[in-house]
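As recorded in TrEMBL:
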- 4-241: domain 'ABC transporter' (DOMAIN)
- 314-331: transmembrane segment (TRANSMEM)
- 343-365: transmembrane segment (TRANSMEM)
- 386-412: transmembrane segment (TRANSMEM)
- 418-442: transmembrane segment (TRANSMEM)
- 449-470: transmembrane segment (TRANSMEM)
- 534-556: transmembrane segment (TRANSMEM)
Amino acid sequence: MNLFSLQNISYEINDKLILNNLNMHIVENKLTCILGKSGAGKTTLLSLLAGRILKGDITGNLKVGINNFDKKRIKRKIAYVKQKDIMSDNLTVFELINLCANLKINTTKGEIKNKVDEIINILDLNECKNVIIGNDMNKGISGGQKKRVAIALELIHDPDIIFLDEPTSGLDTYNAYNVMKILNFLSLKNKTIITILHQPASEIYNLIDYLIVLDNGKCCYSDKQELFIPYLKSLNFNCPIYTNPTDYLFMEILNSEDNVKQMIINNNIEFTPNSICLDCNVTQPKTFLQLSRILFKRRLQEIYRNKRAFKTKIYQSIFLSIIIALIYQGLDTSQESVQNRIGLLFFLSMQIFMSAVYGSIHLFYADKIVFKREYDSQWYTLSSYFLTRCISEIPVSILNSLILSTIIYFAVGLHNTFIRYIIFTAIISFCTLCGNGFGFLIGTIFSRLEIGLAVSPAIIVPILLFSGLFQNINSIPIYLSWIKYISPIQYSFNSLAQNEFTGLEFNCNSTQKDCLYENGEDVLNYLNFNELSISINILIMFVIYCVLMVLSYLFLKRSVLKRAYNPYKGLNTDNHSTKISMV
């Protein structure tokens, strides 16, 4: 029976016609392969069938053979495997599949384990299930195994329809054949498989049930694979007996415009409604707290596995703190020490803030690709991801800041009381959080890392200029004075100065004509750092952090909604012709 029927379907975007008057059908529970040269419209057709086209105009009649059609719930019955395998590279194969199962299946641990074991067996992943996914820097599983893992992740929620964009791309013949053999097996288990292939080998060709051939957005063939050669013969195209039909197609037919014109079909497709039931095997999603707990555990695993990056940050903090301690060591109570103290406290605020900003930017963009892939596959909700992402970064960021500040505090001879040290570390920690917040906000606003890094100085420099060191905060022009109120460095520097200078007495030499600072209060008055208390400054930094995270969530939500797809948006499901406009 036909699952999809396309009648006179055309797709246009930016005045460019991508699909041109397509007529074809997709049969359920079969392995259907879309063939064509680069730019023929294969990926566009796959996206249209999967309901993933977000922009442009679609005209024609697309009929979906599903009883009790529900455009929202059909997302649960569709799986989409992208060409590029994007996944968490610090987890093992078993951990990643088990994570996906725990996020997407709301049932007992025993049933989840059985499901995971079953999928690992089906995809023939037992030999590598305890090997990490890996990346270019850290070798893990092979390309063929990674592709099978990508398919395994999409099988977790037991979809009825599986779309794959060139699943054999980049694989050798053996691994490509193994992947296609698995897809053929799944089609025998009542799964509808629709995939794009680029000139498959003859062994792979024999696994295919149905063929669709596209050229320049037009349909040249849409029928059973075993009827393809007879169809070519009917058009006086004689494929040699020992030649791969797809090789003959690409070499002899698609390279000739006249030959392609002979193959273009415009027949009307009869439509028979199907009986896929959306109520089958659909479980209730997990709660927010359940998802957050699982994601937080995953994040801890990733941090533990990525020991090299973690150690690098620790060593960097230690090395920098030693350099600073060597520069500012032996602070006394002379007049010269006032400038040294001011410079040290400002540099610490600036360094901690900027490190947190750029660290968060890089970390967010590194995770963004994986997040998009997992969120599109409905692993978790946006709120659960955002919460765990924020919480999991706090301990690591603060730890690096505390290492830096602790070594410096005791090595250079700052106000040596325990309570002052506790306040000092609290101020540094909240300044770090604000840096994380700014970095996260930049990451959510700008889509690319290069843009985020290019724009960040324009945000950071005003924050530095109005922090109270380069210009007295009461001398800032009124039309720019608002910037100081959103400058975490200003509040951090202010608080550190109060914590250090309050109660401190300075020596005045008899040879000096003027004694500028007799005590710490004189320094604070000079800097105009006595208007807000330390506790108020810390509270304001906490408020700034909360506001930044709320804004980050809203911008992330906006970007997700812009690219979120509503399957078959605008489709009239009563089997009448309709124009579908994707905006």
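The backbone N, Cα and C atoms fix where each Cβ goes, and this holds for glycine too.
The stretch with the most CB contacts under 8 Å to the transmembrane segment (449-470), chosen from 314-331, 343-365, 386-412, is 343-365.
Only sequence-distant pairs (6 or more apart) were considered; of these, fewer than three Cβ pairs between the transmembrane segment (314-331) and the transmembrane segment (418-442) are under 8 A, so the stretches are not in contact.
Within the same chain, residues 292, 295-296, 299-300, 303, 310, 313-314, 316-318, 320-322, 324-325, 328-331, 344, 348, 351-352, 355-356, 359-360, 363, 367, 421, 424-425, 428-429, 431-433, 435-436, 440, 549, 552-553, 556 sit at least 6 positions outside the transmembrane segment (386-412) and bring their C-beta atoms closer than 8 Å to a C-beta of that stretch.
Outside the transmembrane segment (534-556), and at least 6 residues removed from its termini, the chain residues within Cβ reach (under 8 Å) are 382-383, 386, 390, 423, 426-427, 430-431, 433-434, 436-438, 440-441, 443-445, 486, 488, 491-492, 494-495, 498-499.
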